[in-house]
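Colleague: Can you read through this structure? Questions will come right after.
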Amino acid sequence: MKTVIEDMRQGLQEEGIKRAGEVIKRGGLVAFPTETVYGLGANALDPEASEKIYSAKGRPSDNPLIVHIADWEKLNFIVRDVPEAARRLGEAFWPGPLTMIFRRKETVPLTTTGGLDTVAVRMPDHPVALGLIRAGGGYIAAPSANTSGRPSPTKASHVLEDMDGIIDMIIDGGDVGIGLESTIVDFTEEMPVILRPGYINQNMIQEVIGEVRMDQALIDEHSSVRPKAPGMKYRHYAPKAQLYIVEGAEEEVRQKIDALAEQEERRGRRAGVIVTEESVPFYHHGILKVIGSRGDELSISRHLFGILREFDEMDVQVIYSEAFHTPQMGQAIMNRLLKAAGHQIIKT
Ligand code: AMP
Ligand code: MG
């Protein structure tokens, strides 16, 4: 299959969106930009179309997709009820990086929901994504547009790496703004539960709807508790080289990482090092990649997955990273980084 690329780096192109909408309506696959990561979209109401997403990604069939909508009126057609708290949360953060889980209506095929009787819904905050959803019939099922197990794509070239020749179309909307997948909140239990941390954190949610719990599997990632979001149980984002996160006081972390990288050099091996702008002058060994600045959390979240991909292209045997416990997104950033590291932490 030839994968067509539509260039919308300068913004939504009406003709291109129409073509993309046609691909969705006839059951094809279109990768598209959102504010979080690139999504791999298909008609959410067509079981054969959403089935194609699983095979393109090599995704386990029990890992449900998120249904993307562009307009509130569309919600009642796919969910059985919208609790008051969910409505308020949606009013506060939709369109935006928030996914909410509801009880499913039978209009949504079980292939889309990975066999579950619930459905995840999001309204993305990106003009191209919203345009595509409307042009494609109103309901687009889309997980991240990466091969299962690889870092989520934050630019069109990442999608091309994984999906060239496998999907019908990629809409290039340039680099994404957030770079980590949406926050998922489950509204199908007594109390709302955060299943996946993202840009919108627990405090921001509690300011709108009061108490909300974190899924137990997020709090204690070594426990045998089964995460409620099936996708969270898989070892995601694992780079080819073993990644270690070094934690401790800032100065000690820099010294420790630099010493570890030097040790690798002496053994004739190369170490990748993930650092912030502020700490560059303190490193003398290893291949440095600057992720962003501690003063600008989005610069860190936006570049994380791209850096993991870049190291996969390079000849490094091991990667060391500083920890990024930043105020708003620290939990989300560390959740992804810890998964990538298989929870390998070195404490100074
Ligand atoms: P992705 O868009 O690639 O980040 O994948 C979607 C994520 O949402 C996965 O972690 C899924 O397990 C999760 N998800 C989607 N639908 C549901 C649902 N009905 N219940 C729980 N988790 C869900
Ligand atoms: Mg994903």
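Indices start at 1 and increase along the chain as displayed.
A Cβ is built for glycine as well, from the same backbone N, Cα and C atoms used for every other residue.
Among the features that TrEMBL reports, domain 'YrdC-like' is placed at 14-200. Summarising the annotation, TrEMBL assigns L-threonine binding site to Thr36, His68, Arg122, Ala142, Ser182. If you look up TrEMBL, you'll see Arg59, Asn63, Thr118, Ser144, Ser152, Arg196, Tyr237 marked as ATP binding site.
Tell me about the setting of these features in this model.
Modeller: Taking Cβ-Cβ distances under 8 Å and a sequence gap of 6 or more within the same chain, the neighbours of His68 (L-threonine binding site) are Thr34, Gly39, Gly41, Ala44, Val121, Arg122, Met123, Pro124, Ala129, Ile133, Tyr139, Ile140, Ala141, Ala142.
Annotation note: Ser152 (ATP binding site) sits in a coil segment as assigned by DSSP. When other Cβ atoms within 10 Å of the Cβ of Ser152 (ATP binding site) are tallied across all protein chains shown, the result is 26.
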Colleague: Check the binding-site residues Thr36, Arg59, Thr118, Arg122, Arg196, Tyr237 for any whose Cβ is under 6 angstroms from an atom of ligand 2, and report them in sequence order.
Modeller: none
Colleague: Filtering Arg59, Thr118, Ser144 (binding-site residues) by proximity to ligand 1: which pass a Cβ cutoff of under 6 Å to any of its atoms?
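Modeller: Among Arg59, Thr118, Ser144, near ligand 1: Thr118, Ser144.
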Colleague: Averaged over the domain 'YrdC-like' (14-200), what pLDDT does the predicted model reach?
Modeller: 98
Colleague: Rounding to the nearest whole angstrom, report the longest C-alpha distance spanning Arg59, Asn63, Thr118, Ser144, Ser152, Arg196, Tyr237, listed for ATP.
Modeller: 26
Colleague: Round to the nearest Å and give the CA-to-CA distance linking Ser152 (ATP binding site) with Thr36 (L-threonine binding site).
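Modeller: Taking the Cα atoms only, Ser152 (ATP binding site) lies 10 Å from Thr36 (L-threonine binding site).
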Colleague: Return the count of C-beta atoms lying within 10 angstroms of the C-beta of Thr118 (ATP binding site), excluding that atom itself.
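Modeller: Other Cβ atoms within 10 Å of Thr118 (ATP binding site): 18.
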